[in-house]
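Going by Swiss-Prot, these are the annotated features:
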TOPO_DOM  1-6  topological domain 'Cytoplasmic'
TOPO_DOM  28-41  topological domain 'Periplasmic'
TOPO_DOM  63-71  topological domain 'Cytoplasmic'
TOPO_DOM  116-134  topological domain 'Cytoplasmic'
TOPO_DOM  156-159  topological domain 'Periplasmic'
TOPO_DOM  181-208  topological domain 'Cytoplasmic'
TOPO_DOM  230-237  topological domain 'Periplasmic'
TOPO_DOM  259-270  topological domain 'Cytoplasmic'
TOPO_DOM  292-298  topological domain 'Periplasmic'
TOPO_DOM  320-340  topological domain 'Cytoplasmic'
TOPO_DOM  383-403  topological domain 'Cytoplasmic'
TRANSMEM  7-27  transmembrane segment
TRANSMEM  42-62  transmembrane segment
TRANSMEM  72-92  transmembrane segment
TRANSMEM  95-115  transmembrane segment
TRANSMEM  135-155  transmembrane segment
TRANSMEM  160-180  transmembrane segment
TRANSMEM  209-229  transmembrane segment
TRANSMEM  238-258  transmembrane segment
TRANSMEM  271-291  transmembrane segment
TRANSMEM  299-319  transmembrane segment
TRANSMEM  341-361  transmembrane segment
TRANSMEM  362-382  transmembrane segment
Amino acid sequence: MQPGKRFLVWLAGLSVLGFLATDMYLPAFAAIQADLQTPASAVSASLSLFLAGFAAAQLLWGPLSDRYGRKPVLLIGLTIFALGSLGMLWVENAATLLVLRFVQAVGVCAAAVIWQALVTDYYPSQKVNRIFAAIMPLVGLSPALAPLLGSWLLVHFSWQAIFATLFAITVVLILPIFWLKPTTKARNNSQDGLTFTDLLRSKTYRGNVLIYAACSASFFAWLTGSPFILSEMGYSPAVIGLSYVPQTIAFLIGGYGCRAALQKWQGKQLLPWLLVLFAVSVIATWAAGFISHVSLVEILIPFCVMAIANGAIYPIVVAQALRPFPHATGRAAALQNTLQLGLCFLASLVVSWLISISTPLLTTTSVMLSTVVLVALGYMMQRCEEVGCQNHGNAEVAHSESH
């Protein structure tokens, strides 16, 4: 028997919690700085430390959830996050702020890993793509809405209210854990000893993860460079903020369009066409940099096409990466998310480093263009195992499992 709509809503809540924790407090940076009487760099460091903890701790929670079960590990992770959020109400200095933000990151990333594992645990394999396609657009929407919610709380209350809200949301998400029933899928102990190295030996896994990470890195490169690009073009901060709205809508269209398309076609049939759309849109965005006096609309049109492609690509490649490891999905999701965040961080770092050397638009779009090569490489990897190298790849994984 498949889970109902309430279970799906709960999974969606788990999926966006990490982004709420990341982005809701961004509008409060100045208020936190003034209240704690600390340098702006210390408040900014709280975000960097959070992202570092969020990326690294996933490698802990994933294997633990495979070994000890989703229920206890998720309960521990969310409890840690709730306590970290509650502690933020009494922060009096920058050091405590940094420590508690790291505690929050370690706790909340349990939800980021385990919600993906729960999808593969509780839904039949033929429906996993559609479930990811239903949830992932909300993941893309949350970074746009979280700062708006944070701003509203800041205007009407104080910056501490942001973390009180996160605490309340977490408590609501903790309660259903107590009613979480064990999965009915048969247990396969052969994957209990699967390591991260074993996962990377699978061309299907690393190919799909590379596609996921590269598409995300292209988006993060734009997020890093776009404020400089649009400021140089003469746009106000208000217009720059509004420029992210069509991108978010485009991502939603891609995600829910993919969900509808999956009722008629398989993910592996849709993927090559979506990757072509991604490549063409990125190349068009890069080419716009050579137009003299380029306008915001001329840049946003191809970029929004890329956002549509990403919204449709994500659920397909995530499902394809996790499917071969039904009893090691915690580890598989953890490594996938860490590699994705790592490549996004690298793309953002390169844009930040080069943006003072060349024009912001050309620098940013050139970094985006490099991700097309990585996407092509990822597709060739997973395609090779599908059509010609599958037996060899499976033999490698089987050999590693036997050891």
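Heads up, the Cβ atoms here are built off N, Cα and C, so glycines get one too.
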Problem set entry | Feature contact check the transmembrane segment (95-115) with the transmembrane segment (238-258), CB under 8 Å, 3 or more pairs | no
Exercise. With pairs 6 or more apart in sequence, are the transmembrane segment (271-291) and the transmembrane segment (362-382) linked by at least 3 Cβ pairs under 8 Å?
Worked result: yes
Exercise. Are there three or more C-beta pairs under 8 angstroms joining the transmembrane segment (209-229) and the transmembrane segment (362-382), sequence spacing 6 or more?
Worked result: yes
Exercise. Okay, the transmembrane segment (42-62) and the transmembrane segment (341-361): do they have at least three CB pairs under 8 Å, pairs separated by 6 or more?
Worked result: yes
Problem set entry | Beyond the flanks of the topological domain 'Periplasmic' (28-41) by 6 or more, those residues with Cβ under 8 Å of it | 91-94, 97, 150, 154, 158-159, 162
Exercise. Per DSSP, what is the residue count of the topological domain 'Cytoplasmic' (63-71) in each of helix, strand and coil?
Worked result: 8 helix, 0 strand, 1 coil
Exercise. Which listed range (7-27, 160-180, 209-229, 299-319) shows the maximal number of Cβ pairs under 8 Å with respect to the transmembrane segment (72-92)?
Worked result: 160-180
Exercise. If you average pLDDT over the topological domain 'Cytoplasmic' (181-208), what do you get?
Worked result: 72
For this session: Please give the sequence-distant neighbours of the topological domain 'Cytoplasmic' (63-71): residues at least 6 beyond its ends with Cβ less than 8 Å from one of its Cβ atoms.
Result: 110, 113-114, 117-118, 121, 177, 180, 182, 191-192, 327-331, 334
Exercise. Residues sitting near the topological domain 'Periplasmic' (292-298): Cβ under 8 Å, six or more positions beyond its termini, same chain?
Worked result: 230, 233, 235, 239, 243, 361
